[in-house]
Amino acid sequence: MSLKITGVRITPVAVQDPPLLTAIGVHQPYALRSVLEVETDAGLTGIGEAYGDDPTLERLHRAAPALIGLDVFDLNSLHRRVVGALGAAVPTEVLTPLVGAGSQGKAVAATVAAFEVPCLDLQGKAVGRPVVDLLGGPARTEVPFSAYLFYRWAGHPVAPGYPEDDWGEALDPDGIVAQARRMVDRYGFGSLKLKGGVLPPDQEVETVFALREAFPGRPLRIDPNANWSVPVALRVAERLSGVLEYLEDPVGGIPQMAEVARATDLPLATNMCVTSMEELPPGIEQGAVRVVLSDHHFWGGLRATQRLAAVCETFGLGMSMHSNTHLGVSLAAMTHVAAAIPSLTYACDTHRPWQREDVIAPGELTFCDGALAVPTGPGLGVSLDHEALARLHAQYERCGVRRRDDVAAMRVVHPDWTGKQPRFS
Ligand code: GKR
Ligand code: MG
């Protein structure tokens, strides 16, 4: 059966996003994603999801024409064609500094990943099997996710009329415990992750203690996205020794992470200092991390995430999964690949509970006891809701946001805000 690409549609969308506070600022009222539809001569269409910021869109549009005629089973050629189309002057800007530094390799990997997922969706649709089966079959039939807790404001400081959510403010331990309670009651999450690097570190430690008291026995994590100096990280690590499942990116850079790692018994995890194949050797040699958070969006796709898993297993590193704001197509892809990696034993991150809008048909992916059942339908096992896609594309056209910029969003309230890191030293 011929299954050659005849067309690619890239639709940028904007989704409402709450005012979640981060190490460098605050989320904008809209987060950007793009939805990919890859058409074939067999009449089948494969779907995928990528970031929707301008640099990503530029890379996707540069690569797309080179994919016409590609057999969707020929994923090695997909890689070669993307490299050829992007050329040496590939824009290397990353979505946010919260996922580490940009590089040419990472830009290529992100572009390959964006098109690999629809190709795998198409392969699955062609043979009538779910993507997890194309990746070697399920090591688990359900994938556990963690509750992703954020300090946050009740509403965005924007023009009246913006439809705020009803989660309310969370700026202290009680607020975060209440948020966690709601996440746990609603979705059943077992592990809890606190996005830190926002308040003075000792206050964030108090929040972790409050979570431990409110949810005894549940695995806890904190992730200040490299907003602490080494001395601050060492002090926090001492206070949280024995309390955390892992400490994520306390400081920036492989040598600094290695310095902290040498001084604590807490496992350090990262989605900032080891985020690409070329960062693995120095990260491993220097002993900077014990857990790598994978993310198929920037590691090069679902198969590259499996290659990452092989390296992690070889060197005794654990694996978890990172998330930015995303929609249901990515959630399906994350679930398939997590299910296919036996050593990915930590509950995965997901921003999904923070989104009220989606591009997939309602009710297709539902958390039950904190986990998602791996879709069993052909391909990704989810389908696009074209009306929703059109609505969210219109929202993209209207909203004017074209890049993620937590610093600019914070300047609306604090005009002198720089977002410079590390803020706490
Ligand atoms: O979306 O605010 C956010 C997150 O902080 C995200 O950008 C990070 O990359 O969740 C991520 C992380 O674990 O570092
Ligand atoms: Mg992180």
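Glycine residues also receive a Cβ, built from the backbone N, Cα and C atoms like all the rest.
Model, not experiment: these values are computed from the prediction.
As recorded in TrEMBL:
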type	residues	note
ACT_SITE	Lys195	active site, proton acceptor
ACT_SITE	His322	active site, proton acceptor
DOMAIN	173-267	domain 'Mandelate racemase/muconate lactonizing enzyme C-terminal'
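Between the alpha carbons (Cα) of His322 (active site, proton acceptor) and Lys195 (active site, proton acceptor) lies a span of roughly 12 Å. Across the domain 'Mandelate racemase/muconate lactonizing enzyme C-terminal' (173-267), the model assigns an average pLDDT of 98. Long-range neighbours of Lys195 (active site, proton acceptor) (same chain, six or more residues apart, CB within less than 8 Å of its CB): Leu20, Leu21, Thr22, Tyr148, Leu149, Phe150, Tyr151, Asp223, Asn225. Counting residue by residue with DSSP, the domain 'Mandelate racemase/muconate lactonizing enzyme C-terminal' (173-267) contains 50 helix, 12 strand, 33 coil.
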